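Scroll down for the structure; my scribbles are underneath it.
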């Protein structure tokens, strides 16, 4: 009985302290009924928080469409120059890269560790883990263009090419949907190429445990062997805390396997700390098989996850990392 009375007393003290604080603030600011305002603000927060969590991911899509509108304006402004210049889109790429790099810095404090592993010239195949929304790769492409002056081609899922309005964006930033022969041709021409073997399936079905969802895919490894290029593994810390997908549920798994379209809803858009880590390049080896190279690459990406990612991921911890400085050793950070 005594314990209950003590607990009740503690509750009363807490309420009295809050009431007292509100009265002090009312007297200080000369505002009446401050407690009612406070309760109303709490009610609004309770009502709108779920809505905000669902809207934030679509802000990224909004930014993509703003980029597309800018590219259309740029194209029409330079319609006469197009016939005379092979570098028509360089100015647009530079502008868009600067805008996305600014967004990365402000919203995520974005960093790239190991940029020196990207060659100044010549080909390389970049293999990366696919987040629910691969916004980290947009930021990474912007960094490469700004600091290396290079455009990184990327293999995108076929459904992306069917999104209304995206065709110009994909053309300007050199996205392709394969096939393998085209990938080999791009690399043999001396370009950078990025592939996420997990693709949309990994985006939907992986989660805060950061499990790699590649299945038996090894086509990317055969591309690297045929083109005789190194593979650079890549992983972005906290990418699953920025955006979360509900695609791992049975219904959305079935819908994806049936229609090959990502119907699963997403939530997030949280301003978590994002750090992209580039692993040591896996050099070309004429004696290795595609199966062995695929497994070796998967192990390299997994090693980056094990080293740099808290498992399971935690949104609050990822947010707090914005205010912590990690010591950077023996790696160039951008």
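Heads up, the Cβ atoms here are built off N, Cα and C, so glycines get one too.
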Of 21-41, 84-104, 105-125, 126-146, which range does Swiss-Prot call transmembrane segment?
126-146
What are the sequence-distant neighbours of residue 130 (active site), meaning same chain, six or more residues apart, C-beta distance under 8 angstroms?
196, 198, 199, 200, 202, 203, 206
